[in-house]
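Q: For reference, the structure I am asking about is given below.
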Amino acid sequence: MYQFNFILSPLDQFEIRDLFSLNANVLGNIHLSITNIGLYLSIGLLLTLGYHLLAANNKIIPNNWSISQEAIYATVHSIVINQLNPTKGQLYFPFIYALFIFILVNNLIGMVPYSFASTSHFILTFSMSFTIVLGATFLGLQRHGLKFFSLFVPSGCPLGLLPLLVLIEFISYLSRNVSLGLRLAANILSGHMLLSILSGFTYNIMTSGILFFFLGLIPLAFIIAFSGLELAIAFIQAQVFVVLTCSYIKDGLDLH
């Protein structure tokens, strides 16, 4: 007999659940589990590979998959070139492109009804932001040594204000770890919660009677329009994330 678990709270859709678990008595008691976030990240990886396989054709007339992939490639390439430069940017372009595709695909998967929005989880976005900022910091230290800390010293500031301004710059630099991941997760989380609340509200109205069914078409139209906005946000947030990533890498390379 099947058991259906209805979503009673807008936050239930973001709960991480075990889909399959196994206790293995190998090297001690090892608990292996597959969660919904792991499953959807794997689905995102498979979709990304499938998309690039469909786009990889050598025909004179490209198909729609190739055109869309070339558009994404050109967009990310222009971001890298503008934020870094044509020479240094080529070295970091594969990482930035993979990061953009990863975020975009998982944002779009979250738009599918009854799916799981992986990028709405702070544990995932904070892991990415901490890794990126830490990598940019190591890059700056490797390239400039102790001169890297001049990044926290504003040029032309009075000597009396120097300790305070250095402290402010240092706190601002540390906050990148939080702000980069927080921006992505908060936008995806808030949008999905609002859609969930509006959908439940519209469903209750339209199932209350014939008259209310037609009245419910008004919020239903708003939900459709807001879904289009969420689709645009999925692209925008992926772009913002890689733009800021390029900016942090540039700070490590050029100290400004």
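A Cβ is built for glycine as well, from the same backbone N, Cα and C atoms used for every other residue.
According to Swiss-Prot, the protein has these features:
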{"type": "TRANSMEM", "residues": "34-54", "note": "transmembrane segment"}
{"type": "TRANSMEM", "residues": "92-112", "note": "transmembrane segment"}
{"type": "TRANSMEM", "residues": "121-141", "note": "transmembrane segment"}
{"type": "TRANSMEM", "residues": "148-168", "note": "transmembrane segment"}
{"type": "TRANSMEM", "residues": "186-206", "note": "transmembrane segment"}
{"type": "TRANSMEM", "residues": "209-229", "note": "transmembrane segment"}
{"type": "TRANSMEM", "residues": "230-250", "note": "transmembrane segment"}
Q: Going through 92-112, 121-141, 148-168, 230-250 one by one, which has the most CB pairs that fall under 8 Å from the transmembrane segment (186-206)?
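A: Checked against 92-112, 121-141, 148-168, 230-250; highest Cβ contact count belongs to 230-250.
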Q: Taking contact to mean 3 or more CB pairs closer than 8 A (sequence separation of 6 or more), are the transmembrane segment (230-250) and the transmembrane segment (121-141) in contact?
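A: These two stretches do touch.
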Q: Mind checking which residues of the chain, 6+ beyond the ends of the transmembrane segment (121-141), have their Cβ under 8 Å from one of its Cβ atoms?
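A: Distant Cβ neighbours of the transmembrane segment (121-141) are 14, 16, 37, 99, 148, 151, 176-182, 184-185, 245, 248-249, 251-253, 255.
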